[in-house]
Amino acid sequence: MPAFLGLKCLGKLCSSEKSKVTSSERTSARGSNRKRLIVEDRRVSGTSFTAHRRATITHLLYLCPKDYCPRGRVCNSVDPFVAHPQDPHHPSEKPVIHCHKCGEPCKGEVLRVQTKHFHIKCFTCKVCGCDLAQGGFFIKNGEYLCTLDYQRMYGTRCHGCGEFVEGEVVTALGKTYHPNCFACTICKRPFPPGDRVTFNGRDCLCQLCAQPMSSSPKETTFSSNCAGCGRDIKNGQALLALDKQWHLGCFKCKSCGKVLTGEYISKDGAPYCEKDYQGLFGVKCEACHQFITGKVLEAGDKHYHPSCARCSRCNQMFTEGEEMYLQGSTVWHPDCKQSTKTEEKLRPTRTSSESIYSRPGSSIPGSPGHTIYAKVDNEILDYKDLAAIPKVKAIYDIERPDLITYEPFYTSGYDDKQERQSLGESPRTLSPTPSAEGYQDVRDRMIHRSTSQGSINSPVYSRHSYTPTTSRSPQHFHRPGNEPSSGRNSPLPYRPDSRPLTPTYAQAPKHFHVPDQGINIYRKPPIYKQHAALAAQSKSSEDIIKFSKFPAAQAPDPSETPKIETDHWPGPPSFAVVGPDMKRRSSGREEDDEELLRRRQLQEEQLMKLNSGLGQLILKEEMEKESRERSSLLASRYDSPINSASHIPSSKTASLPGYGRNGLHRPVSTDFAQYNSYGDVSGGVRDYQTLPDGHMPAMRMDRGVSMPNMLEPKIFPYEMLMVTNRGRNKILREVDRTRLERHLAPEVFREIFGMSIQEFDRLPLWRRNDMKKKAKLF
């Protein structure tokens, strides 16, 4: 039986899908059929290569050992020509092929690139190391690169689509295109090879699209006629402006007729000089009132130069895109507004744009001693003019003088305490029997205080309820003294220990009568007559009250020297005990004064560097703190011992109970929340501390705080209330700019904020403002 050879003896089969047969040869011998194929893939050098594989594939259908004897193992040939059968009489010789990369002999399949041979595993990319036998590759500087690395390092992108260019390319004006990407700008059709391309400086046009451009109407604008006078421009220079030609003397301002030789401003195709343009169409700066040229900063309906838009608090310019607050004609930084708000909360009094002024008027009996004027928006109006203001405006926007009580606000300062002590206030009993001279002095001082509300530093009081119940009742007051009393007597209440209660500043009598001195400008209080019997009974009651305030119910002799003349009571201490302490205090006080002076100068130097309201606020607090410490050092053992302080002159006079101008305490309502000028919810009554003399200061309401608006806010759609930055959003006059959310319907409010209005009011201020900013209602 004939023996057949295995494939291992004849060679390996290898082929490529993209291979093509370049030559074939058939050899027939006694029933045998042999095919020899040379598989080779050739491409133009310089383009993308596919690995050149060349192998001799021998397909042996049937071999007869008598006709053909194998001479050895058939291997892949690297010769570009077909290897013919070896001569059986000569031994076969194979050339040794070495790999170009590793230098080892090549066995089995070999890749040939041009004249170099590689193992399949050795033919890889120089950069990423990927296999190049299965895909295309590029040769650059003797190195073999894959497509991605070559394009990334040395590739050229198409100017039209941005992709890498391979194969055929089109180069025009130094730019490279794909053939399909180099197209007409107007009709988008690719340019045919050899076609003429028109480039007008921006676009590439084909012949069809470039023909209308040559005969466009623009060429008529550059005619030889002057656009000003209409005559031909012959010899001489022509001025080209506004796409027209002009004589040099015909290019004039449309408004003033001045010949324009330098800069000009065009409006609707007509030239203007800068002066006339600003006068006709210019925009003025709200700060410097000069016309704005160039960049303009717009805030609401107001316009500013970038250098003129400064914060009214810190005087710093606003940068582009910075947030600002607009209040009236002033602009604020958000941080400066917060510091101003804090400073106003710390002030004991607050001034407002709406205040009451007092001017000297007539002093005729029965007429007011001062004429009341109201200041509204920097304009002083007489009360007759105020009557012509609409009712709503009069109630909510200005103060009504007939509802204002001119009650001074007493602080706990050291000067006020000395003044009260000098007026004869008793530390233990407020109202000892006064003398006529002392009472007149007290009365003059109190009237001076109550009538000095129009001064610059005087406190200004707020609006309050315009239906007080106490202001319409007859006013009665019991005034002890040597003068005959007028009006109905009002006995003072007694404590359980039979001691009389004396009114303090916070507990003034509800009914009293003061003789008319022109204080009340609207009505004259009635005068009540007193019968002789009632007068005698009243005199007896007054004596009981008067003498009950002295030891043994006996008034001391005015000529008698007080027994106690020292700060220490009930008896003077020994000098041996208090002497060293007094010396140490006197010596230490001088050192403390020097130290305080040095610290104060250092603080002023540091704080003056902070050119802001916050720095001034800190300086003011430090100075007030030092003054309080200094007053505490000067204070005696007891706040105000009667007839014991040697440096305070003794006096037998006593002051009247504290009262305001018309004698009524301001009615304060605590049943409602109040809103300050920033829209914050605050308590109805300010918390007051007890004064050093044990009395409560007169309660008052802050300036600018009134009863809540009883009118229901109008409801507007959310789109009308929304604040945007793209365009000018004019908010209606009926809308409160600081409380835009109040004009939303309850269901819309809940849909936007996810809560009710009452729940929203209970949130802190920063949280409410943040939610309003997100909803574009801030």
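Backbone N, Cα and C define each Cβ position, glycine as well.
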Residue from TYR325, TYR414, TYR439, TYR688 to which Swiss-Prot assigns phosphotyrosine: TYR439
Of the residues LYS258, LYS267, LYS620, LYS730, the one that Swiss-Prot lists under SUMO2 cross-link: LYS620
SER77, SER312, SER329, SER706 - residue that Swiss-Prot labels as phosphoserine: SER706
Among SER223, SER435, SER465, residue that the record in Swiss-Prot marks as phosphoserine: SER435
From the candidates SER431, SER473, the one which Swiss-Prot records as phosphoserine: SER431
Packing count at LYS620 (SUMO2 cross-link) (other Cβ atoms within 10 Å of its Cβ): 14
PLDDT averaged over every residue in the domain 'HP' (710-778): 83
